[in-house]
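Enquirer: A single structure is presented below for examination.
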Amino acid sequence: MTEKFSTKKTILLLIAPFILYLIGALLSQICTDLLFKFVSIEQQYIRTSIKHISDFAFVFLLLWLCIYKMFHLKFDDFGINLHFKWWSIVAAILIPAYMVVVYLIVGNLTVNHHSTGETVLLVINSLTLGLQSGFLEEILFRGIFMKTLENRWNKTVAIIAPSLFFSLVHIPSMSSFSVVGILVLIVAGTMVGVMFSMAAYRGNSIANSAIIHAIWNFTLISNIFNIVPEGAGLTNSIFTITLPTNNIFITGAEFGIEASIFAILAYVVVSLILMPKKKSA
C-alpha cells in the first residue's frame, strides 16, 4: 500500500468499517431470528453455532465490500490474509494452556456431566464462537484500524489507539459495573490488544493474531473451560474451575479471568517476546 491516506480518508476508514461491523451483526440477528421462526431448532447450541456462522458471513461480507468497493483497496493492504507462522500456532496453544494450569493450581476442577452428543455440540459451539469473534475482531482492529493508523501516523499510534479502543468496546460485556472493574478491564484489554498487535506485525498478517485470539476464546470464554468464583452457579461448560476467592486480581473483577493479573502477565511476556528487535547500527 503506497498511498498515503488523507485525514478525511483516515477518519472514514476508522468509522465506516466499525459501523458496518455493527450493521452486519444486526442483520445476522434479524436473519437468524427469522430463520428460527420457520425452522424449529430446539437445541440451543445448534442455534448459537448457526448464529456465530451467520455473524461471520454478514460482517465479513460487509467489511470486504467496504474495503474493496468503497475504498478501492484490498484486504492484503491491511495484512488481512491467511499467512500463518508456525510460532503463532504454538503461542495459541501455550497461552490458554498456561492460564488453565495456573487456575487448576488456584481453584478446584469439576468435570460437568454431559452426554456425548451434548459434549460434541459444546465443542462445536465453542469453535464457531472462537473463529467468529477471533477472526472478525482481528480483521477490524489489527487489520483495518491498525494499518490505517500506521499509514497516517506511525506504528506506535497504530498499536496503542486500537488496543485502547478494543478494551473500551468490551466494557458492555461486563457482568456488572464498578470503577475498579472498568479500570482493570481497560488495562487488561489494552495489553491484550498490544499482544495481538505484536503478533500481527511479527508475522506480517492478522492470521497470526487471529489464531491466538480464536483459540483463547475457544478455550476460555466459551463452553470448554469456565473459570468462576465460588458461588457463581452452574455453568454450561465441559469443565468448571471454581475459585475460592473473589480477589479482583485473580478473578479479573466483573469481566472475568481475561482481566486477571495472570492474564495480564501473559500479555506482557508474549508482547515482549514478539516485539520486533531493533536493528543494530
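A Cβ is built for glycine as well, from the same backbone N, Cα and C atoms used for every other residue.
From TrEMBL, for reference:
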TRANSMEM  12-36  transmembrane segment
TRANSMEM  56-75  transmembrane segment
TRANSMEM  87-107  transmembrane segment
DOMAIN    122-218  domain 'CAAX prenyl protease 2/Lysostaphin resistance protein A-like'
TRANSMEM  153-171  transmembrane segment
TRANSMEM  177-198  transmembrane segment
TRANSMEM  210-228  transmembrane segment
TRANSMEM  248-275  transmembrane segment
Enquirer: Can you find at least 3 Cβ pairs under 8 Å between the transmembrane segment (248-275) and the transmembrane segment (12-36), where each pair is 6 or more residues apart in sequence?
Expert: no
Enquirer: Among 56-75, 87-107, 177-198, 210-228, which stretch has the highest count of C-beta pairs below 8 Å with the transmembrane segment (12-36)?
Expert: 56-75
Enquirer: In the same chain, which residue numbers or ranges, 6 or more beyond the ends of the transmembrane segment (56-75), come under 8 angstroms Cβ to Cβ?
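Expert: For the transmembrane segment (56-75), the sequence-distant neighbours (Cβ-Cβ under 8 Å, at least 6 residues beyond its ends) are 1, 9, 12-13, 16-17, 20-21, 23-25, 27-28, 31, 81, 131-132, 135-136, 139-140, 143-144.
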Enquirer: What average pLDDT does the predicted model assign to the domain 'CAAX prenyl protease 2/Lysostaphin resistance protein A-like' (122-218)?
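Expert: Its mean pLDDT is 96.
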Enquirer: By DSSP, how many residues in the domain 'CAAX prenyl protease 2/Lysostaphin resistance protein A-like' (122-218) are helix, how many strand, and how many coil?
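Expert: With helix first, then strand, then coil, the domain 'CAAX prenyl protease 2/Lysostaphin resistance protein A-like' (122-218) has 87 helix, 0 strand, 10 coil.
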